Amino acid sequence: MAGWEGVELSALNPLRTLWLALAAAFLLALLLQLAPAGLLPSCALFQDLIRYGKTKLSGPRRPAVCRAFDVPKRYFSHFYVISVLWNGFLLWSLSQSLFLGAPFPNWLRALLRTLGATPFRALEMESRASQMLGNLCPHGLKEEDNSLNGPSSPLTPSLCEALFQVCKQNAWLNAGGAPDRVAFCTAVGELALSAFLVLVFLWVHSLRRLFECFYVSVFSNAVIHVVQYCFGLVYYVLVGLTVLSQMPMDDKNVYVLGKNLLTQARWFHILGMMMFFWSSAHQYKCHVILSNLRRNKKGVIVHCQHRIPFGDWFDYVSSANYLAELMIYISMAVTFGLHNLTWWLVVTYVFFSQALCAFFNHNFYKSTFVSYPKHRKAFLPFLF
């Protein structure tokens, strides 16, 4: 695949900076937990903010001031309600723009600009590239081509040279050294399809998790901190905006060359889709296993205590559902063609946040059950 990321500026934009900061924060928290006991922060609030659910029980004693900010863990369903509504709206807006040419709302375009959407940062070069590649520069772009003019606006030598360098960097040159319009159009279409599919995956994932919260999961009286609750409400809003910010677009519309988006499908789209449904199926199965620990054979809830889960990926790790969550996000990275830096920062955050939770879960199981399987790892089979 031609690397569309070559069009992007190398500097961190607000979205990348935020995901990098979140990943670094959870990495630091994980390293502190792995450090010798004497180096662990003694602040009760810190421990309260990085633990939730049953892992609060195995942590340090919680003062009354911390318990005052408890929120029921069953409120997890609120995260997915917000995600289904918000990302459903983004998916609807994107579909309208892709297939009907309808522009995004002004406030949404302004929000994407504020977050540093890559397509907006390369706006002038992208919006005029198709004119140059298709009509204006059939023999290639050279620095001395001072007379290049488009049908509506002049193309300066500096812009011609800049576009030529972009095409050269991304291998969008034909055998004669001229910009290859087909390669350029293909790269744009591939990225558009990638972002569209990932947004579909995100909405489907949220819808499934909402279903599980209502009809599969059996919640105990476990709690989360109100800060964790507020973060969860914002999280899926931010993830949806991150996906949408990867769409190639001009100042009003999604910028896609070609009407049939499905003709841009490549091997990584198919592989990413297969990985997504495979990982989702495993996560669903893991949640069913956890739910059945609190039900009898007739499916009736009989208690809310913790038991040792067995089956599927639980035979290898203590937090198989967290591992499946990571695989879901990796499947989206594959759908983006494996080279989207912004999304890999999202995956990095998911990795460290899920690894931290898995570490606490593993310690809880080992300290609670004497017969807990010795061969099980916390998060990554055979490794961690």
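Placed from the backbone N, Cα and C atoms, the Cβ positions cover glycine too.
Feature annotations, courtesy of TrEMBL:
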- 20-46: transmembrane segment (TRANSMEM)
- 75-94: transmembrane segment (TRANSMEM)
- 182-203: transmembrane segment (TRANSMEM)
- 223-244: transmembrane segment (TRANSMEM)
- 265-284: transmembrane segment (TRANSMEM)
- 266-384: domain '3-oxo-5-alpha-steroid 4-dehydrogenase C-terminal' (DOMAIN)
- 341-360: transmembrane segment (TRANSMEM)
Legend entry - Helix, strand and coil residues within the domain '3-oxo-5-alpha-steroid 4-dehydrogenase C-terminal' (266-384) as assigned by DSSP: 74 helix, 4 strand, 41 coil
Inset, instruction - For the transmembrane segment (341-360) and the transmembrane segment (223-244), decide whether they are in contact, meaning at least 3 CB pairs lie under 8 A, counting pairs 6 or more apart in sequence. - result: yes
Legend entry - Per-region confidence, the domain '3-oxo-5-alpha-steroid 4-dehydrogenase C-terminal' (266-384) (mean pLDDT, whole number): 95
Legend entry - Intrachain residues whose Cβ lies under 8 Å of the transmembrane segment (223-244), provided they are six or more past its termini: 15, 18-19, 48-49, 52-53, 56, 66, 69-73, 75-76, 78-80, 82-83, 86-87, 90, 94, 111-112, 115, 117, 195, 198-199, 202, 206, 342-343, 346
